[in-house]
Amino acid sequence: MKFIVKLYPEIMIKSKPVRMRFTKMLESNIRNVLKKIDEDAKVQRQWDKIMVKVPKDKPELTELFAERLAHIPGIHHVLQVAEYDFETVDDIYQLALPVYRDMLKDKTFCVRVKRAGQHDFNSIEVERYVGGGLNQFTEAKGVQLKNPDVTIQLEIDRDKLYMVSQRIEGLGGFPIAAQEDVLSLISGGFDSGVASFQFIKKGSRTHYCFFNLGGAQHEIGVKQVAYHLWKTYGESHKVKFVSVPFEEVVTEILERIENGQMGVVLKRMMMRAATRVAERMGIQALVTGESLGQVSSQTLTNLNVIDRSTDLLILRPLISMDKPDIIREARRIGTEDFAASMPEYCGVISQRPTVKAVLSKVEAEEQKFSEDLLDRVLAKAEVIDIRDIAVATSERVTETETVSSAAGNEVIIDIRAPEEEESRPLDVDGVEVKVIPFFKLATAFAELDKDKTYLLYCERGVMSKLQALYLQEQGYNNVKVYRP
């Protein structure tokens with residue numbers, strides 16, 4: 001069994017040198033992917049297509065090869081074919097008759113032929129000859145050129161005949177490495193996953209940068225998204241996953257920055273950190289999942305202010321997409337379930353965000369940061385080969401106990417941001433309630449009575465769980481999540 005890989009039309013219209021270069025890249029990418037399935041896979045480049053051969057003694061690999069080819073960027077469609085030698089048009093008919101005789105019983109059909117090479121016949125003559133013979137010597141209802149029950153597809157290349165048994169639609173785009181590398185800021189949500197996919201499809205080797213706002217569970221979830229995107233669509237090339245611990249930055253923002261500027265300042269700090277990561281990796285562009293007007297930091301004014309934090313090009317492929325369209329695309333590429341279960345954070349952004357940030361005012365606020373804040377944060381960044389994530393995703397984060405009521409000997413810790421706690425204070429009869437914002441909990445917890453059990457509370461229950469997981473990782477087992 002063979003596959004004929006058809007190049008994406010945008011590759012076909014390139015100049016001869018560019019087309020040849022892209023075709024070589026695609027051949028190499030296909031080989032890299034299929035060799036991981038079976039070392040005996042054969043991949044051969046031709047001028048207008050790429051031939052892939054399934055090992056004769058391993059027909060069971062046919063379906064797997066087809067599935068992998070459908071997810072490699074740069075492919076328009078794939079034809080699953082059987083190959084035959086022939087000399088005359090009658091040979092073609094004689095080869096087609098036993099293959100299609102039973103298939104055509106009581107059905108209308110037509111024959112479509114594509115031909116390359118020097119022959120004493122043309123494609124239409126083959127269609128007429130083969131179609132006439134099949135109509136006469138099978139139990140078909142007859143020939144029907146428009147909307148037939150069966151379309152017989154034949155491809156002729158010099159002295160080879162290919163009978164098409166299946167057409168598989170490809171991903172489109174350009175082969176990976178056709179464009180320069182990019183660094184995608186990934187959060188695990190709908191937007192960043194789709195944005196990352198768009199650049200994989202466009203031919204960029206897409207690396208991932210994750211800003212960890214607290215908790216192993218969130219990081220493992222984001223790693224799963226990145227690994228899925230790489231394994232499904234970009235496996236032909238090695239990429240990096242960079243995890244930057246950003247809790248310290250969030251703490252300083254919440255303690256020092258004016259409330260309305262917090263969201264824009266956080267994004268600017270992320271861009272600065274990502275820029276330094278990208279420069280170390282020799283990457284000249286960042287990718288984000290921002291969409292115009294989706295949240296307060298994504299107005300034109302605020303995006304302009306955010307862009308001023310870096311000299312690198314910031315690419316936003318989803319800038320004009322609506323959220324339902326983004327979710328549909330996430331569903332199509334397989335990241336929807338990951339994104340739907342990804343944590344949201346309580347109080348990480350401001351309660352009264354500005355939609356028209358003023359650059360001078362934002363820069364003045366940023367002067368309040370510790371001088372070496374980003375240096376300290378980036379010194380703790382973890383850079384791993386994405387292939388190693390498979391090991392990490394097999395690990396299970398300890399399940400944190402969640403309770404709906406508190407006993408008199410337990411202490412509730414309200415970890416909400418100060419604005420939330422002040423506007424909706426928590427009061428539980430007969431139970432002590434301490435107020436420790438989540439961004440101070442890691443250091444403050446060490447000073448608490450170790451003989452007591454502490455129940456962490458936030459309105460959504462996500463940050464409290466992540467903080468409990470973090471404390472458990474530090475060796476504290478007297479922690480639960482409080483969800484009244």
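Cβ coordinates are placed from backbone N, Cα and C, and glycine is handled just like the others.
Together with Leu185, Ile186, Gly289, Gln298, Swiss-Prot lists one candidate of Lys160, Lys202, Lys267 for binding ATP, that being Lys267. When averaged over the domain 'THUMP' (63-167), pLDDT in the model lands at 96. Shown for the domain 'Rhodanese' (406-484): DSSP residue counts in helix, strand and coil, namely 28 helix, 18 strand, 33 coil. For the pair Ile186 (ATP binding site) and Cys458 (active site, cysteine persulfide intermediate), the C-alpha distance works out to 25 angstrom.
In this structure, the C-alpha atom of Leu185 (ATP binding site) lies 27 angstrom from that of Cys458 (active site, cysteine persulfide intermediate). Looking only at Cα atoms, Cys458 (active site, cysteine persulfide intermediate) sits nearest to Lys267 among the binding-site residues Lys267, Gly289, Gln298. DSSP assignment over the domain 'THUMP' (63-167) gives 34 helix, 38 strand, 33 coil. In three-state terms derived from DSSP, Lys267 (ATP binding site) belongs to a helical segment.
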